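Structure first, then comments.
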Amino acid sequence: HPDGKCRIWMSALLGGLSMLAKETGVTVFLLNLAYDFYLHWPSVRRTLIEMRWNAESRQFANRAAKVLTSLGILLAVRLAILQGSLPKFSQQDNPAAFHPSLHVRFLTFCYLAAFNWWLLLCPATLSHDWQMGSVPLVTSLSDSRNLVTCFFFGVTFLLAVRSISDFENQRHAPLVLGLILLVLPFLPATNLLVTVGFVVAERVLYIPSLGCILLVVHGIQLLWSCYSSHRQTIMCFVMLLLTTGCLRTVVRNRDWRSRESLLRAGLMTLPHNAKMHYNYANFLRDSARPELAKTHYLRALKLWPTYASAHNNLGTLLNNEFEAEQHFLAAIRYSADHVNAHYNLGQLYRKSNRSSESEHMLQRCISLEPRFTPAYIELAKLRGPNDRRVNQLLKKVVDLNPTDPYYGTTFGHWLLDKGNYHDALHYYWKSLRISQCHQEAIIGAAKILRKSGQKSRLFQLVTRWHLIMRIKRGELLLSPHVYLQGWQLKSELSSKAREYDSTPHFESHCVTPSSRTNNYSSEEIEAAKWSRHRKNKTSSAKQCKIQENKMQKPKPSTPLMVHHLLDSA
């Protein structure tokens with residue numbers, strides 16, 4: 001409320017942008033409404049007692065209606081993006097939410113709230129992923145972690161009572177606002193309203209950290225005013241708090257420098273987290289370190305035996321077909337809709353010549369994910385190039401990937417091998433419209449134009465490709481005739497080299513003098529030399545005659561040169 005003005009719609013716009021960044025940003029509307037209610041509690045209380053509207057309470061009701069309307073619209077938009085249903089999570093995402101016992105879920109959720117509160121106060125243990133048993137379940141009342149839960153809820157209860165009692169006097173607004181910032185934005189992550197897909201997520205503490213800062217600073221202010229004789233001690237504590245916070249931030253930023261450093265830091269923090277080992281194994285696999293990747297995949301399976309993705313990825317690294325098959329089958333057993341496991345198993349069966357089983361797995365893969373391109377390509381390989389159904393499979397792949405020139409070019413090559421030049425050229429042009437410098441499509445189109453005798457279009461195509469490549473490399477543009485002359489020179493040099501290689505050389509067939517004396521007579525050797533001498537003279541005369549004819553003939557025009565060049569090419 002700056003200068004007595006109220007900017008509800010600007011607040012709603014910024015709240016919507018906050019929701020687009022993180023879903024918890026939508027809680028800012030409830031936060032605004034709660035703090036507005038606290039500021040105008042005297043007028044609201046007078047309205048409730050007198051049963052009559054006053055100006056302030058009417059303005060508060062108007063603001064509340066606008067805020068709730070904005071909140072409802074944003075929630076509707078968010079649900080529409082999710083197609084009217086909430087996301088579905090598995091047990092490995094949030095083990096406590098899927099536990100059958102009610103008291104285990106209750107105790108674990110309460111402890112997780114206290115654990116998040118401890119992360120705000122002491123962020124010593126940080127991780128980018130807290131799934132898969134990173135925080136063990138609280139299964140009994142005798143668990144020592146329940147003491148932390150009781151202490152946290154006790155402090156929260158005392159702060160809530162103190163805030164409610166301040167509604168009349170309103171002398172501790174930072175306390176009330178800090179508690180609202182701490183509690184309300186965290187409510188969606190408590191599993192009380194909806195089931196979330198994480199155990200602990202540091203990202204949901206962004207807004208609650210503001211409340212934590214307000215409460216800590218407000219507490220330091222109270223100590224500063226109440227204990228004036230200990231202000232030096234308080235100042236040292238504040239400096240220590242700021243220094244350790246800055247140092248922790250620097251260390252954590254180093255962890256986030258690269259994928260490897262982040263994964264290593266996660267393994268050091270949570271070595272009993274199966275997903276940490278799985279993610280690090282994926283990194284090792286991508287870094288061409290398969291043996292170490294196998295070790296971490298096995299470690300992940302030891303910590304979480306039903307980890308379907310770990311079974312699947314481990315199977316792709318194994319050379320033993322039987323062991324790989326067992327891991328793929330285990331992935332399908334633990335996750336019946338695992339698309340990659342069905343695909344990998346179908347690929348394994350194809351390489352093992354188990355065609356019927358391979359086709360069954362690939363068809364199952366396509367039924368699970370109709371847009372999974374590799375399954376169509378693998379099925380086309382299985383059926384072979386002579387199967388009529390391959391045409392439909394490859395065409396489907398092209399339709400699924402309208403922005404990728406590779407698949408259109410591949411389909412064009414298949415049509416070219418079948419002799420269907422017209423359709424092949426169509427898909428080559430389609431690929432070139434997507435990427436003008438796609439070399440495979442250029443070569444395929446050039447082959448068809450050459451076979452069909454369209455030499456002028458072939459010249460235009462090759463010239464345009466050379467120009468595009470020079471522009472792409474940042475080189476100077478040259479005249480098209482330079483490309484023709486270079487092409488002609490390369491063709492002549494290559495033909496000369498082939499002619500020279502194919503010409504028999506007498507010296508290369510000579511043997512040692514001793515063996516020559518034993519195998520050939522002197523008359524035979526002299527006859528061979530005389531034949532070689534006559535052949536060289538005839539060849540030299542022919543070359544001189546050709547040179548004379550070339551000097552007498554005029555230089556051909558550019559179109560004749562083009563045709564001669566294309567014929568020789």
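Note that Cβ sites are derived from N, Cα and C of the backbone, with glycine treated the same way.
Note: TrEMBL annotation is automatic and uncurated.
Per TrEMBL, transmembrane segment is recorded for 12-35, 60-81, 102-126, 146-164, 176-200, 206-227, 234-251. Look at TrEMBL and you will find 84-156 tagged as domain 'DUF1736'. If you look up TrEMBL, you'll see 293-362 marked as domain 'DNA/RNA-binding'. Feature annotation from TrEMBL assigns repeat 'TPR' to 339-372. Among the features that TrEMBL reports, region 'Disordered' is placed at 531-559.
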What stretch, picked from 60-81, 176-200, 206-227, 234-251, has the most CB pairs under 8 A with the transmembrane segment (102-126)? 176-200
With contact taken as 3 or more Cβ pairs under 8 angstroms (pairs 6 or more apart in sequence), are the transmembrane segment (206-227) and the transmembrane segment (12-35) in contact? yes
For the transmembrane segment (12-35), which stretch among 146-164, 176-200, 234-251 has the most Cβ pairs under 8 A? 176-200
What DSSP reports for the repeat 'TPR' (339-372) is 27 helix, 0 strand, 7 coil
How many helix, strand and coil residues does the domain 'DUF1736' (84-156) contain under DSSP? 36 helix, 0 strand, 37 coil
Could you please provide the mean pLDDT value for the repeat 'TPR' (339-372)? 91
